[in-house]
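In Swiss-Prot this protein carries:
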type     : residues : note
TRANSMEM : 12-32    : transmembrane segment
DOMAIN   : 56-236   : domain 'ABC transmembrane type-1'
TRANSMEM : 63-83    : transmembrane segment
TRANSMEM : 94-114   : transmembrane segment
TRANSMEM : 122-142  : transmembrane segment
TRANSMEM : 172-192  : transmembrane segment
TRANSMEM : 211-231  : transmembrane segment
Amino acid sequence: MNARLTGLGLNLLSFAVGIGGWYLLTATGAVVLPGPVDVLERAVTLLLNGQLVGDIFASLRRVLSGFVLGVALAIPVGFLMGWYRIARSLIEPWVQFFRMIPPLAVIPLAIVTLGIDESPKIFVIFLASFLSSVVATYQGVISVDRTLINAARVLGAKDATIFARVIVPASVPFILVGVRIGLGSAWATVVAAELIAAQSGLGYRMQQAQLYYDLPTIFVSLVTIGILGLFMDRLLQAADRRLTQWQERA
């Protein structure tokens, strides 16, 4: 508990130093950017007129839809690749092939084939989340200590039991790392997708603000994305601690 409180205190101190440095740089004219006070005032304005809330819900809906779908498919596919050599040989080359293609490069194709509604945005987020999570899950399965598997077999455990009692628990830390990486990819992708084709969302708001050189609004969207992403990542970290209590931690 003391270590956790110390960590929280250091987190808050780090944020305070960062905001203080931002304020000093803008107040002294060292950089031509809006200061924290300007950004806060614009955030209040956008909150009161409902724009910020609407943009948050629009982006969150897209991120969660694509992210959940991507992770839900990535985990079983990753286990399949790691557990069965035939499945690995069939699927792994395609996964690596599509990993080399940035999801952002797929956006124009997705718009042409899926239209200009929510489908192309959710699809590219799904793709980014899937590719991040499937590799981590696959790596988790093949990284399981063979001694544990052999010991279970010596004790008479069947493949199904070994998979459920050995492979899955040992792979959970890898899976959660992949999920966290996938979350970051989802946020990066949704912003890019909204910059290209959207009528709402934090990325769309930044694109509109850029046309009028409205830097405070751009900063509001950037800070909001950072806060939302940080909060969601902390939730995943809490899930990680709960699901991997058996694991030694530094």
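Every residue gets a Cβ built from N, Cα and C, even glycine.
Keep in mind that this is a model prediction, so the values were computed, not measured.
Tertiary neighbourhood of the transmembrane segment (94-114): same-chain residues 81, 120, 123-125, 127-128, 131, 134-135, 138, 185, 189, 192-193, 196-197, selected by CB-CB distance under 8 Å and a gap of 6+ residues from either end. Through the fold, the transmembrane segment (211-231) approaches residues 33-34, 38-39, 41-43, 46, 52, 55-56, 59-60, 183-184, 187, 191, 202-203, 205 of its own chain, all at least 6 residues removed from its boundaries and within a Cβ separation under 8 Å.
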